[in-house]
Structure formats: structure tokens, C-alpha cells
Amino acid sequence: MATETNENLINSFIEITSSSREEANFFLESHTWNLDAAVSTFLDNDAAAAAEPNPTGPPPPSSTIAGAQSPSQSHSPDYTPSETSPSPSRSRSASPSSRAAPYGLRSRGGAGENKETENPSGIRSSRSRQHAGNIRTFADLNRSPADGEGSDSDEANEYYTGGQKSGMMVQDPKKVKDVDELFDQARQSAVDRPVEPSRSASTSFTGAARLLSGEAVSSSPQQQQQEQPQRIMHTITFWLNGFTVNDGPLRGFSDPENAAFMNSISRSECPSELEPADKKIPVHVDLVRRGENFTEPPKPKNPFQGVGRTLGASGSGSSSAPQASSAPMNVAPAPSRGLVVDPAAPTTSIQLRLADGTRLVSRFNNHHTVRDVRGFIDASRPGGSKEYQLLTMGFPPKQLTELDQTIEQAGIANAVVIQKF
């Protein structure tokens, strides 16, 4: 009967402490088969062993859960822990004995060891195995890349949270990661924004010269050499749902047509679609990030629309003003059939300001008459009214009433003549 009772006590001790049979027999015999005292002494020795520092070197990478060495190993003076062969841990089911309830499981590892934990379902995890497989913990977030462990930059980070019976995986969006990397690369190779050249504070007049006839004078070669190409500015705005170029439409990150564009931006290169025809013109690209979705801007309203009309102009003349004003000022229509300019004879230029706002510049000989000038105007406006007057530019204006008077006699050589109805 005593043997059966001792056997039950040994089994209960093993179920509570997960120790070996030899250890259970040793502690029970030391306490005259008092189970409570034997378990208390066993756990106290376990806590004392855990509090002792390890002066010889780093602890083994993994430890067992409530495990114990055999007496032949733990009490032998030649025994040293092995890093390559950790003692196996024992998982057990709930003890049927009611006396096992007050006791819990404790780790046998040292204070500095990488400890394994065991949840009630028997699933174990270890820091030494945190990189095994695809399982990662929150401790990996604080680990720097200098540990020599490569990370796949093409895969999004996955975070796990939850308990024993439920869990959740959170994966960050890859496009946000790509935008972050793009901005990081842009910061590394960024250049200062070009400073606009300060304008001179001088109030002296500068500009291009023009003749009284209206013809523009080409600038001098020195001025042309001093002119530098103007810098082209582009702004690329990154939104949560895409990106825009300047004031263009929204473009998606995953669109295959935008792959080449995004690759050029990530390499800090100007995209081909933004390059000017003249390669000498510098291009500056600004990257702007907005933490919101793109919304279509309202279209600008143009409440004032219509056709300009000149005061004192007839209906037929004013109606053709928009069409006539689009013609260049220094381009004259074909001369009338009776007007022939002799290049060998003295010539002059006359600027004609018509009533509809059109400016015509034509060349005449000095022997041409005022009638020839009117014929030139009538030829340029076949459907226009011929009831008009010609006035010279000046104060007071002089009316040209003598049609047979030559240009030289009328004093309108290289002058401006105004048409008035």
C-alpha cells in the first residue's frame, strides 16, 4: 500500500513540475514524501538557479519550459550546457489531480537567456526562431538592418496581432511605401530651387525699337547672345489615389502607361514627356505630397465674352473686326490692279489705320497719288463702304481731300494715315 501511495506522489510531482522521475523521487524522499514541501523546495531551487549570473559566456539560444536536467547531468561537475542540443521541453495535459491546481508552470532558463513561452494550447515561440519562416514579431521593427539580415524590399510588411483563438494580419499598402522611397531618393539627390534673377532697380526704359511704319527692328547680335534660355518648371503632386503633373488630370500609380514615368522620377531623372525640344533648356521638377484624395478643381468661369467694336465704325466694318485684327500688322494684302510699285523709283512706306482697328503697312512710290492709296484700301476691303475720309496723323489732323495730289506733295511719305467714316 505504501508503494502505491509513493508511486502516486511521484506521478503528481512529475505532473506539477514536469521533472524527471529521478528528481521527483529525490525531492520526495528528502521531505519524507511530503508533496507540498518537495514541490516548494524544487521551485525555490529553480528560482535560485535562475538568479545566478552566467560568467562564462552568453546563454544558450533556447530554453525549455519547466524542464529539468537529469540528476546525472545537473549534479555532475563535468556537465556544461550545450547550445546545439537543448533539452527537450515537455508539454502535458491538465492534471487530473486537485492538488496540482495551486501550482503553475515556470521557466527553467536563466535571467539572460532567450526564453520560450508556452501558451495553454501548447504553441511555443522563441526569439531565436523569430526569423524562421515568415513569422515576424513587433521586436523585428526595432531591429536595424545592420544585423546582416537581408529584407525583401519588394514585399510589404506584415504585422500580426491577436490572442490564442483569434488573430489579425495588417499589411501596409505597397504604393505608400513606394511613394516614401521615391521621396527619400529625391531628397538624397535633390537640388536647390533655382533663384529667379533679380530685376534691376533702374527705372531707365528698355525695349525693342520700332519704326514709325510699324516694322519691328531685329535685336542686335550682342543682345541675342546675352539672352539665356528660360528655365522650365514642372510640379508633380502625389495624392492618395494617384498623381498629377502640373494642372493635368489624375493619373494612377498602377497604370502601366505611367510605369516609365515613375521609374524616371525614382531615378531622379526628368521624364521623357517633360523634356523640351531644345535639350539646352534646363528643366526643374518639384515633387509635392498631399495627404488627401484628388478632387477635380472647378473650371474657371469667363463671364465676359463678346466682340469688340470701335466707336464711330459702321456695322459692316465692325462685324469684320475680329477677323481682320487677327492678321499681322506688317502684312499687307495684294495691291490693286492699277497699283504698280517701281523699285527703281523712290519708294516710301505708309501705315494705314483702318476704322475697324486693322493696321496695314504698304509700300508706294512717291509719284503715287492719294487716289492710289484709297484704291489700295478699297482692294483690301472689297465689301466695305467707300464713304470714308483719310486723315493724317498729327494735331490737328489734316484731311486728304485732293485725290490727285501725290504722296510727296501731300506730305504723307513714311507717315500714318487714318481712315474715318
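The backbone N, Cα and C atoms fix where each Cβ goes, and this holds for glycine too.
As annotated by Swiss-Prot, compositional bias 'Polar residues' applies to 69-84. Look at Swiss-Prot and you will find 85-102, 312-328 tagged as compositional bias 'Low complexity'. For 4-45, the entry in Swiss-Prot reads domain 'UBA'. According to Swiss-Prot, the feature domain 'SEP' maps to 231-295, an assignment based on sequence analysis. Look at Swiss-Prot and you will find 343-420 tagged as domain 'UBX'. Look at Swiss-Prot and you will find 46-171, 292-338 tagged as region 'Disordered'.
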Checklist outcome for this item: Helix, strand and coil residue totals from DSSP for the domain 'UBA' (4-45) stand at 35 helix, 0 strand, 7 coil
Next on the checklist: For the domain 'UBX' (343-420), how many residues does DSSP put in helix, in strand and in coil?
Outcome noted: 15 helix, 26 strand, 37 coil
Checklist entry - Helix, strand, coil residue numbers for the domain 'SEP' (231-295) per DSSP? => result 14 helix, 20 strand, 31 coil
